[in-house]
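For reference, TrEMBL has these:
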DOMAIN    57-507  domain 'Major facilitator superfamily (MFS) profile'
TRANSMEM  54-79  transmembrane segment
TRANSMEM  91-111  transmembrane segment
TRANSMEM  123-145  transmembrane segment
TRANSMEM  151-171  transmembrane segment
TRANSMEM  183-202  transmembrane segment
TRANSMEM  214-234  transmembrane segment
TRANSMEM  272-296  transmembrane segment
TRANSMEM  316-337  transmembrane segment
TRANSMEM  357-374  transmembrane segment
TRANSMEM  381-403  transmembrane segment
TRANSMEM  409-431  transmembrane segment
TRANSMEM  443-467  transmembrane segment
Amino acid sequence: MARHLDEEAAVDRKLLVDDDDHFQIPPPKGPAITIIEDGKVEEVVNPPLSKFGFFLVFIGLLLAIFLAALDQLIIGTALPALAEEFNGLSQISWVGTSYLMTASASTPVYGKMSDIFGRKPTFLFAIITFEIGSLICAVSVNMIMLIVGRAIAGVGLGGVFTMVLLIIAELVSMQERSKYQGLIGAVYGLSSVLGPIAGGLFTEHVSWRWCFYINLPIGAITVLVVSLFLHLKSPEGSVMAKLRRVDFLGIIILILAVIAFVTAVQGGGTSFAWNSATSIALFVVCGLLVILFFIVELNVAPEPIVPAAMFSNRSVYAGLALAFFLGSAFFGLIYYVSVYFQVVSGDTPLMSGLHQLPGSAGVVAFSIISGLVVSKTGQYVPFSIFGGCVAVIGTVFCSLWTLDTSTTVEYVGLFVFGVGIGSNIQVRVVAVQNAVEPRFIGVATALSTFFQTLGGAVGVAVLGAVFNNSLSSNLANLLPSAIVSLVIEQPTLIRTLVSADLQPAALQAFNSSITLAWKGWHTAICRLHQANVFECQTLISLSLGSLGLGFVHKQDANQLTNKNNCKQHGNMYNNLSASSS
């Protein structure tokens, strides 16, 4: 059975520079070993890469990260304009959900596909697919076409982050890797700052379509540079032989399970009732598919997408849960902040983007700070606790916004929330990577990205369902049904269609619906307990705090164990500890 393994004994190898000013680029932790089906062992050594070539390749990879991160956030400020042009506010959450749903389903697949087909071909496939989806979005003529384009772009996005990390692991040693990952984190942070602003500029002064057109030249540069200058030896074997190694059954089951789950969450309360036969059937089908996926991966697949070792590691479960809630909180909030500023506050798309800078600043600053501190001390659990608590506080701040809330208070809420999210961005990767043997780091990283993206898809879907349900109910008691339909489809019309005496109440309906949506996962609990707003917020804080402490406890319980494993396997913790001594 063909498997891609890392040679653990060579973990201390460094980048070498020869007299001709070339890097000798080692794969991660030494030469990669490919075990062919007949038992033949082949050592794969990548060809040398010049300093200039390495520089160009790394710039190309940074552009890919910039592109993917920008695309996740740039569309937020354009959502009201999209809803107005296509008359589709009720479908607007699908713009984000379809994107994150396909990205979630495809992310864990890319790790194994790159083992079979090679890092470079898999990365290029991801970028080109992303570009095709962006082009479809840019030329969309209706909401359905836009949603399809976002779904295709999501398939590409699912491979960008994972493949960039894996290619960096092929090009530099373990000791050098944190430096380059730090640069990647900085670029991601820069994109998170520029995304809302660029979206506002394009929407207000050019067209929302340029939120997608901008991806095309950047992606073209990445494809060109990587194609010409990145030289990684691909696994041996014919295309048919490689295709026979693909776990197609596991891939199909996983994709169907994700689609069933997100569709149930997205449609619940809008397209169908939560207790309807459709909703129940979707959740049941999802559960059955998950069980079937486990059975296939453990007993049927010759080369499973997820190795059996991942299923038995409690610390991995804790890290993946952290990634899931991180994604759901971040994307769930960011998608409706723009709607709040443009509809409730009456801001232009550009000002809406500028108003989001405090949140982006918090993410950037504390993702860098947490990365530096963790790399220096080797301790990541304190940041899990700190980040979780601060994110809850930030969410409570935002859920208290009213029509009379000052800009300063809004900025404080967004910044505090950003600090909490930023503190955990690096931690969720370190926690999972530290929990596994070196040869599983690639799979673990892909799974962490998968659960963060899946959490984002579910977060956007849940908030969309809560927002649409609440807004329809609030406006129905205030305005004629004809106006309600128009305002729901084109929210910015609220200031022209609604009379001056009713505008405050209508804006309050939007405000109440958005802040209720930000309570996200806990809306059902609030209704069950029939709690008022302050009781609901207390429930949110207590329940999230308990979840976070549970995950942190599981991580901490495995920390010393994995520290010992690092001595045997050269795991990340060993390098973190060494840097602090």
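Cβ from N, Cα, C; glycine included.
Counted over residue pairs separated by six or more positions, the transmembrane segment (357-374) shares at least 3 Cβ pairs under 8 angstroms with the transmembrane segment (409-431), which defines the two as touching. Taking Cβ pairs closer than 8 Å, the transmembrane segment (151-171) reaches residues 25, 27-28, 32, 46, 49, 54, 57-58, 61, 64-65, 67-68, 71-72, 98-107, 109-111, 114, 119-120, 122-123, 125-134, 136-137, 177, 180-181, 184, 230, 232, 441-442, 445-446, 449-450, 453 in its own chain, all 6 or more past its ends.
Of the candidate ranges 272-296, 381-403, 409-431, 443-467, 443-467 has the most C-beta pairs within less than 8 angstroms of the transmembrane segment (91-111). Away from its own ends, the transmembrane segment (183-202) comes close to residues 61-62, 65-66, 69-78, 164-165, 168, 208-211, 214, 338, 348-354, 356-357, 360-361, 363-364, 367-368, 371, 422, 425-426 of its chain (Cβ-Cβ under 8 Å, at least six residues beyond either end).
Touching of the transmembrane segment (54-79) and the transmembrane segment (316-337) is concluded from the presence of at least three CB pairs under 8 A, sequence neighbours closer than 6 excluded.
Counted over residue pairs separated by six or more positions, the transmembrane segment (316-337) shares fewer than 3 Cβ pairs under 8 angstroms with the transmembrane segment (272-296), which leaves the two as not touching. Under 8 Å from some Cβ of the transmembrane segment (272-296) lie the Cβ atoms of residues 247, 249-250, 253-254, 256-257, 260-261, 263-264, 304, 311, all in the same chain and six or more residues away from its ends.
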